[in-house]
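Chemist: The structure under discussion is supplied below as structure tokens; questions concerning it will follow.
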Amino acid sequence: MHFGGDYSGTAWIHSLVDCTTMLCAPLGSFIGNRLSCRIAVILGGFLSSIGLVLSSFATSLEYLYLTLGVLTGIGFSLCYTPAIAMVGSYFCERKALAYGIAMSGSGIGTFILAPVVQLLIEHYSWRGALLILGGVVSNLCVCGALLRPITLKEEEEAHGPVPLDTDCGYRVKAQVVSTLEEPLAINNSKGSRCFKSMQEYRFLLMPDFLMLAVSFLFLASGCSLPFVYLVPYALDVGVSHHQAAFLMSILGVIDIVGNITFGWLVDRRCLKKYRNVCYMIAVGMEGLCCLFIPLLRTFALLVPFSVLYGYFDGAYVALIPVVTSDIVGTTNLSSALGIVYFLHAIPYLLSPPIGGWLVDTTGTYTATFFLSGFALISSSLVISTVTGIRHCRRTQKHRKNNKDTDPKQDPCQGSRSDFYIASSKDVNPSINTANS
């Protein structure tokens, strides 16, 4: 309204924030791996805060595209991936629950900040609201300072033991001090850095991760459409504005519940081995909900959709880092998450316009929700294929190991054991004779 722009032009600001955050996720992983997750988050908090503060002085929409869209998005990308990776480093036994609690922060923040920002706009205008939000976001620097670096068991086995922190009980990375006398200059050479980068991203050649990447592409193509078109669809079928907005509130609150409860559930001993299956079920159920939504044409029927879709959306979001960690390992988790969230960028940018084109072409929302449902189900099927292949590999490897260690299958091993038994029998009489 202030700049006299249309809805599509203004919506590009939000699209640029989301797209830049996901598109630059590998940059956050790179800085986190090269320097530290603490430095990456502090730098990201500084950039995103500066972007919001500069946006409060905007003179045009193009100005906001750069400051609020690109600069703030880059800052968020530097914070997002390293912070998620650190959760995987800190927690092992209840990793899914830890991720669920961490991911619920997004839902809680959205639920609380939506009315708060509206009040800030009413009292201080949109410029004052952006300025205050810049100060709020600067607290990311404080959060980054609290991300204490630790040494994982994998790193300790590779590089030797590190001093134990007596206060916390885990091992803390010591500061690396280079001297002229130590022959460490080779680590700064181009060949050494190239080799280190190849080691960090060697998971890209893993067939399981490639299949997981295809699954995430389908997932990102379908998961955002219901959030964009649920309220317009509800208004189209005759639901009031107040009730349509309430549907989104229900979805957001249940999303938080799904984050925490599903993470706690998957961490149970009986389900921990089947985390991939639980993730597959959550994504598949989301897809089924989208396929049924064209049949739901009243507020009373749309409420169960919001509850189910919100719950399973929160469930799968909490399990994305867990499933990725199960495939690539904790050491490569930061780099892998950077690639995973990078794969979300283009579908997040393109799927809402494609859904809008389907609405304009067909005159209904049916094709849009079908597109979302089939994309989510396809993602679930790809994950089920990966899970099935891994299960077959483990079964085949287990059978091979049993075959190699079974004496009945190895005639030489059987003869050796018979020889030792016979030898012991021959020795015992002589011993008894000597004793007598």
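Placed from the backbone N, Cα and C atoms, the Cβ positions cover glycine too.
Not my notes, these are from TrEMBL:
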- 1-390: domain 'Major facilitator superfamily (MFS) profile' (DOMAIN)
- 12-32: transmembrane segment (TRANSMEM)
- 39-57: transmembrane segment (TRANSMEM)
- 63-85: transmembrane segment (TRANSMEM)
- 97-121: transmembrane segment (TRANSMEM)
- 127-147: transmembrane segment (TRANSMEM)
- 209-232: transmembrane segment (TRANSMEM)
- 244-265: transmembrane segment (TRANSMEM)
- 277-296: transmembrane segment (TRANSMEM)
- 302-324: transmembrane segment (TRANSMEM)
- 336-359: transmembrane segment (TRANSMEM)
- 365-389: transmembrane segment (TRANSMEM)
- 396-436: region 'Disordered' (REGION)
- 425-436: compositional bias 'Polar residues' (COMPBIAS)
Chemist: Between the stretches 39-57, 63-85, 209-232, 277-296, 302-324, which wins on the count of C-beta pairs under 8 angstroms to the transmembrane segment (336-359)?
Modeler: 209-232
Chemist: Given the transmembrane segment (365-389), which of the listed stretches 12-32, 39-57, 63-85, 209-232, 244-265 has the most Cβ pairs that are under 8 Å apart from it?
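Modeler: Between the stretches 12-32, 39-57, 63-85, 209-232, 244-265, 209-232 has the largest tally.
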Chemist: Looking only at the domain 'Major facilitator superfamily (MFS) profile' (1-390), report the model's average pLDDT.
Modeler: 82
Chemist: For the transmembrane segment (209-232), find every same-chain residue at least 6 residues outside the stretch whose CB is under 8 Å from a CB in it, and list them.
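Modeler: Cβ under 8 Å, 6 or more out: 203, 244-245, 247-248, 251, 283, 286-287, 290, 293, 302, 306, 309, 313, 316, 320, 323-324, 327-328, 336, 339-340, 343-344, 347-348, 351-352, 355, 359, 365, 368-369, 371-376, 378-380, 382-383, 385-386, 389.
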Chemist: Counting CB pairs under 8 Å, which listed stretch among 39-57, 244-265, 302-324 touches the transmembrane segment (277-296) the most?
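Modeler: Most Cβ pairs under 8 Å with the transmembrane segment (277-296) come from 302-324.
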Chemist: State the residues, same chain only, that lie 6 or more residues beyond the ends of the transmembrane segment (12-32) and have a CB under 8 A from a CB inside it; answer 'none' if no residue qualifies.
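Modeler: Answer is 39-40, 43-44, 61, 64-65, 68-70, 72-74, 76-82, 85, 334-335, 337-346, 348-349, 352.
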Chemist: Is the transmembrane segment (97-121) packed against any residues at least 6 beyond its ends, judged by a Cβ distance under 8 Å, and which are they?
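Modeler: Residues 83-84, 87-88, 90-91, 128-129, 132-133, 249, 252-253, 255-256, 259-264, 267, 314, 317-319, 321-322.
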